[in-house]
């Protein structure tokens with residue numbers, strides 16, 4: 001049975017926002033501040049501009065082939081063999097992001113909350129939940145994603161409101177103390193995460209009001225920009241640039257410092273923040289895993305993607321367990337390699353396909 005679910009452009013936007021926020025709010029503040037120091041908020045602005053460019057590229061390509069995914073029309077653009085190779089790159093990319101998500105999730109849980117629990121336990125639990133959700137199909141994932149995103153955004157807004165009184169403006173000064181180059185370096189990481197919105201290349205065939213995708217995709221970038229800016233400026237203003245850069249997960253450190261004067265018995269609010277984050281990570285893993293098995297079924301010309309779920313998940317867990325030896329390696333990878341990989345696939349390869357399709361005037365729909 002083929003995937004026959006349909007979603008709206010708004011629901012696709014919810015997907016785009018959810019998958020980026022889940023990991024970006026965790027890693028971006030520390031990675032960006034490490035390079036740009038107190039100017040990290042400027043890096044987010046530059047990353048947003050680059051994110052708009054990536055979304056524009058992905059949507060422009062998808063609109064040429066409204067009823068097919070990138071795995072299906074890559075052979076049409078490049079020829080059978082080169083197209084199959086590019087299709088494999090995309091499907092590998094989806095699983096690649098998936099096992100990176102598993103590592104991130106296990107790393108935080110093992111380093112901050114359950115120190116004696118083997119990381120593979122967390123990977124198995126999250127993977128089984130994601131596999132079950134993926135089996136339910138696109139519409140099930142989308143409905144769940146809408147609920148989770150609402151809770152995530154509400155939590156971030158509440159967190160910002162509770163810490164705003166403790167933010168010190170002097171921590172953002174002097175502006176551009178070390179010039180503009182550190183700001184550009186700091187923009188690479190969030191710029192890569194913005195590129196994850198290119199998952200629209202797999203979702204586009206299932207959107208029933210495609211004429212609104214351009215508008216909703218740019219709205220997704222705007223929402224991501226505001227939330228990333230809030231998280232980064234909040235971390236710098238509350239913790240300072242040096243302390244923010246020194247923490248692995250400064251967002252959780254911010255949450256730990258929240259104290260409700262009216263309810264002094266409530267402490268460690270980061271536990272609630274962690275529960276919300278776990279739900280967001282589940283949505284992100286499910287989305288990329290679903291995109292991966294769907295891409296694999298299309299690449300293999302298999303009618304139903306569901307028989308591929310369990311073997312694909314087993315392989316992804318095996319890769320995640322062997323990927324990095326410790327959290328330091330994972331953190332270095334997330335700042336130096338992972339964003340560049342996203343940019344390469346979602347912008348360079350996608351842009352290349354768009355250029356070739358334009359030169360050869362290949363299209364199966366309105367452009």
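Glycine is treated like the rest: Cβ placed from N, Cα and C.
Record features, source TrEMBL:
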TRANSMEM  12-28  transmembrane segment
TRANSMEM  40-62  transmembrane segment
TRANSMEM  83-102  transmembrane segment
TRANSMEM  114-135  transmembrane segment
TRANSMEM  147-164  transmembrane segment
TRANSMEM  184-206  transmembrane segment
TRANSMEM  218-240  transmembrane segment
TRANSMEM  271-296  transmembrane segment
TRANSMEM  308-325  transmembrane segment
TRANSMEM  337-359  transmembrane segment
Winner by Cβ pairs under 8 Å against the transmembrane segment (40-62), considering only 83-102, 114-135, 184-206: 184-206
Stretch in 12-28, 147-164, 218-240, 271-296, 308-325 most in contact with the transmembrane segment (83-102), if contact is a CB pair under 8 A: 271-296
Highest-contact recorded stretch vs the transmembrane segment (12-28), from 114-135, 184-206, 218-240, 271-296, CB pairs under 8 Å: 184-206
Which of 114-135, 184-206, 218-240, 271-296 contacts the transmembrane segment (147-164) most, counting Cβ pairs under 8 Å: 271-296
Contact between the transmembrane segment (114-135) and the transmembrane segment (308-325) (3 or more Cβ pairs under 8 Å, separation 6+): yes
